[in-house]
Amino acid sequence: MAWSALYLVNFLWAMAGSSTQSRSSCSVPSAQQPLVNGLQVRMENSVTSSAFPNPSVLIAMNLAGAYNLEVQKLLTYQLMASDAADLTIGQLALTIMALTSSCRDPGNRVSILQGQMENWVPSSTSTQASTFYGPSLAILALCQKNPETTLPIAARFAKTLLANSSPFNMDTGAMATLALTCMYNKIPVGSEEGYRVLFGQVLKDIVENISIRIQDNGIIESIYSTGLAMQALSVTPEKPNKEWNCKETMDTILNEIEQGKFHNPMSIAQILPSLKGKTYLDVPQVSCSPDNEVQPTLPNQPTTVPTSASNITVIYTINNQLRGVDLLFNVTINVSVKSGSVLLVVLEEAQRKNPMFKFETTMTSWGPLVSSINNIAENVNHKTYWQFLSGKTPLNEGVADYIPFNHEHITANFTQY
């Protein structure tokens, strides 16, 4: 999905460590640094004892240098208390990297993840590309812990990527680039040259797919996929034929931040490392300094006079026309909500007015995901999900983040991928 569907500096990684290329051409200007600081503070403020513990947030916090050490400790303890049995491969990999970035021993989580990846196989050569995202994270996490034992697992993973025929997925491609770049740079001395050739071939294919999606303004496919793509292009040893203008991407991202586009903690977590000149490959190099909070310089906030928000009307349609599903329907309702309300409020008001619009959500790292409407639930085995559209355009934000405008037509369409 589009919504669930960053890094300024180029790092040349050697087996013993890393060295940083010149940052002068792709870094945040000092005048705009308070803007980035404000983004980090917003992300850190999302961490509470009752919130979904997001390892991506802790990784970004540690790579950037945490401002709120109490929040950092809270999230670290929450992740330490998590049960590996309750986590997907991707979640487990992120938890390992998050604990590593906090200088904590992930314990037996590494051996559990390695066992899962030794047994992992895609269902077919046409398996949806997004299903490789979690395993890409796993290869990256294992590479950072023990590259030698990860080598055969990574080689099998790389061959599977080469054989896959499904359409390219940006987030998966970016994460696979980070994972295989880690392996490429940490191939043990004396290993077969075929490993380097294999990883190089897959990396070349992926970065070409990433580069052809770079828009004229520097955005890489979409503003929310640009963060991971920046990381990938910053570190890959295989450069694309189309040259990437990192500064152009950076300038556009900073402008988008000024426009308020990054407010979801997960979207911030993916863009923040690049804004601070870091990538996920830097996780093992994080230095855990003594408790010494740094107070960030924040942007000046204009004084606003509170006003009562006027109401807007949103046209909301729920639609299911998939064959094989018992209940077919196409129902529309007009919903009145306060201007500035997120889409989730629209769904709640529609549900209050008409029981056909009953819906359920599942909590994810990106926030609540609508998993069922009118008792029709998404199904991984059937490859079905609820897709939200504005007119005919898929939304690139979740229901807890997207803000509809007056008379906008929002459709929830039960879709098969």
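Placement of Cβ uses the backbone N, Cα and C atoms for every residue, glycine included.
According to TrEMBL, Cys246 forms a disulfide bond with Cys26, chosen from Cys26, Cys103. Recorded disulfide link (TrEMBL): Cys182 to Cys143, out of the candidates Cys103, Cys143. Overall, the recorded cyanocob(III)alamin-binding residues Asp171, Gln270, Leu395, Tyr417 cover a maximum inter-Cα distance of 25 Å. Of the recorded positions Cys26, Cys143, Cys246, Leu395, Cys143 has the largest number of other Cβ atoms within 10 Å of its own Cβ. Sequence-distant neighbours of Tyr417 (cyanocob(III)alamin binding site): residues of the same chain at least 6 apart with a C-beta under 8 Å from its C-beta are Gln128, Lys383, Thr384, Tyr385. A distance of 17 Å separates the Cα atom of Asp171 (cyanocob(III)alamin binding site) from that of Cys182 (disulfide bond). Taking the C-alpha positions, the distance from Cys143 (disulfide bond) to Gln270 (cyanocob(III)alamin binding site) comes to 20 Å. When the recorded positions Cys26, Cys246, Gln270 are ranked by how far their Cα is from the Cα of Cys182 (disulfide bond), Gln270 comes first.
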